[in-house]
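As annotated by TrEMBL, transmembrane segment applies to B:19-38, B:50-72, B:102-123, B:129-151, B:163-190, B:219-239, B:260-290, B:302-321.
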Amino acid sequence: MTAPVIEMQGITKTFPGVRALSEVSFDVRPGEVQALVGENGAGKSTLIKILSGVYHADAGEVRMGGEPVHFAHPVESLRAGIAVIYQEFSLLPERSVAQNLFLGREPRGRFGLIDERRMHDETRKVLDLFATGGRIDPGRAVGTLDVATQQMVEIAKAVSHDARVIVMDEPTAALNDAECEELFTTVDRLRERGVAIIYITHRMREIARLADRVTVLKDGEVAARFDAVPEPGEIVHAMVGRDIADFYAPPATEAEIGDPVLTVTGGGNAHLHGIDMSVRAGEIVGLAGIQGAGRVALAMALFGQEPFETGEVTLAGERVSFRTPREAIEAGIGLLPGDRKSEGLVLMQSVRDNGMLTPRAFAPLWSSHKRTAQADLARIDELLDRMEIRAASYDQDIRALSGGNQQKAIVARWLSMRPKLLIFIEPTRGIDVNAKAGIYHLMRDLARGGAGILMISSDLPEVIGAADRILVMQEGRIAAEFPHGPTERDIMHAATGETEVAA
Amino acid sequence: MSAADTPAPTRAGFRFERWAPLILLAGAFAIYVIVAVATDQTQYLTLENLIAILARSIALGITAIGQTFVILVASIDLSVASLISATAVLASVVMDGSPAMILPAILAALLLGGLVGLANGLVVSGLKVNPLIATLGMSLIIQGCLSAFVSNFAGSVPPAFQVFAYGEIGMVPVALIFLALLAVTAWGVLRFTKFGSDIYAVGGNEEAARFAGIKTGRIVVASHVICSVCASIAGLYLASRLRSGAPWIGADGVYDLESIAVVVIGGTVLAGGRGGVWGTMAGMLIFSLIDSVFNIAGVDSFAKQVLRGIIIVAAVAFYAIRSKRIVA
């Protein structure tokens, strides 16, 4: 067994009021994938930030190759060979792939000018290590590449820094299945090259596919350590401290499903063609498909952001046509965006203000900010209570809340509008396991309350587990429909249009 | 499903943003030709006249090249107009008609520019003052000091220095050649040097640049120094052209706002990280062509101002709409 390249021992870190990590020990060896799992707030990010020199531990020691190291700044850890790939890439979209790889350390040629040819050649060399690398043009602007390829560039950047340790923070969050497979191949290659990989994820499937060892964090402490990948149940048990047999809420019974809330016939625009669909009261409809299949375009059409140009839409039996989100909201549609931070929340305002956002938007200019026709502060507090939001106070800035609690605050906002149809886009992205279950049960409760729910998700197990009916989109059309409980394979076939997949 | 099933990402095709300034320039030129022909004033379509059009916007061009640097690092400089006045007056007072004092006057002007840029850059990057406020404050300080000392044309520029504004090599003005050389140099710096690469990095994503080990503060300061030195060169040019310096020439030319407008029309994004000097030069040409169109067509000066305002906003809206469509 090779000696660990990184050893962290007895790491303790306290933030004002919170003990983020206590006595955490962790190590990773060359040529292995060490999965680091835990709920949000378990301390994974804090541990990584200590490793990379963003934070400094209150107690404990980081050793690299046996020697104690102290990184005062992320640049120092990068120079020492530790590269962190965050979910939000640190790439410059306007600059080329090669320029990004060599940012801040461009090779110089004559007269101290940048040696572009060498930069290109070296970039080529690094990219050729990857399965898809050969298809990336080093001269192309990073902003024109898709997310998966951008991630590949980010990994290539780490490799070009001769990183001995690469940390990947939920790298598959924004990838579809095929892209995930490519990423796994890349991780395998890195492992073969002797790179130590710390792989942060929530997804059991990825742990089973990639990990050599698993460390589970819970509430800032190591809850479990596995030298081989155990059954998913064991990991989940260690993560949440309890069994979660009732992870998904039970599907709707026939009695619970009512009349159609929403129907679309022949809906079409630049991204969508011939959409025929319905969502009934009390029903959760899952919308599956690969990235770019038109799922988000459909949500945007229903919400009036990019309206249908053809076809007919009815809401609660009445014919409607929305040209703006405001019209859609007025008619009774709510939308929970996939990117909470940029599209859903005013991060610098309080939890309560975020709850009041939509009611206030529909109040006349001269009405009180505490009381509107739809809701007053007491009603919002009541809804926030009902969502069981964990916050020190509703006056607290919402950015301090965890993803799951932020999501619930957005739900509370919509409930104040008494919506007929709620559209959830990626409802559990970046949310930990416990909070996920909370969101599934919440969606079920809302459906039982008589709303129709349309749930767009790239997480197939989630669509299968949480939806009563599943629509699969492909190239802007609805390609297939399944009742509750198809297999992942069924959905993937419909989503990719392939009749049979050999692999 | 294997990796080979997914289609290879297509090469980036025609990138509209890259060519937009050129498209706008071609449009402006077409309008110029059409107006000249339509009003039967084809005498304006000669090469001499085109050179004359260019020569009118040299001070703006020099200032805008500097402004391009600060806008690329996601900063801005509102103090250029006051600095132009200050350097013009300083140079003309130091020269005071004596050819022997030309060199000291130039050095003094450049030094003043360098110091102002250094101060702007340090306040913006060190004290983290919003660049709009920092440079607006600097502008007021310079203008106030200047007005305390002079209230009219002060000093005079010896004929030898007037060559900068009035000299010609063949039929091309010396100042125009200087502007062209300055633009080529600026382009070379942005395109081929590490400093240029760092500028785009800092403007594009300051955090990422710092994490890559770039000393972001220094890049911001250096860009401000370049901007202010360019403004002081523009001040020297105006002193040479007017044969003396006066405390209002910068403000009179609205060089602060116009230089920003020219940079933005040239496709450089105010948020930083995207654009370049050629766009700025195209922007400057668009501005001077439009002015010439107004002159030929006999538009009165107030209407001219209104139309310029409309054109600036329309040009930027043109970019915004186009880039939104690309994203969608």
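Easy rule for this one: first residue shown is 1, then count along the chain.
For all residues, glycine too, the Cβ spot is worked out from N, Cα and C.
Keep in mind that TrEMBL annotations are predicted by a computer and have not been checked by a curator.
Quantities reported herein were computed from a predicted structural model and do not represent experimental measurements.
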Mind checking which residues reach the transmembrane segment (B:129-151)? Cβ under 8 Å, same chain, six or more beyond either end.
70, 75-79, 81-83, 85-86, 89, 93, 116, 119-120, 123, 246-247, 251, 256
Report, as numbers and ranges, which residues of the same chain sit near the transmembrane segment (B:19-38): CB under 8 Å and 6 or more residues beyond its ends.
44-45, 265-267, 278-279, 282-283, 285-286, 289-290, 292-293, 296-297, 315, 318-319, 322
Report, as numbers and ranges, which residues of the same chain sit near the transmembrane segment (B:50-72): CB under 8 Å and 6 or more residues beyond its ends.
80, 84, 131, 171-173, 175-176, 178-179, 182-183, 186, 190, 199-200, 203, 223-224, 226-231, 233-234, 237-238, 241, 253, 255, 258-260, 262-264, 266, 268-270, 272-277, 279-281, 283-285, 287-289, 291-292
Let me spell it out: take the transmembrane segment (B:219-239), skip the flanking residues so only those 6+ beyond its ends count, and list any with a Cβ under 8 Å from a Cβ in it.
58-60, 62-63, 65-67, 69-70, 72-73, 75, 77, 79-80, 83-92, 106, 109-110, 112-114, 116-118, 120-122, 124-125, 157, 161, 164-165, 175, 182, 195, 198-199, 202, 209, 245, 249-250, 253, 255
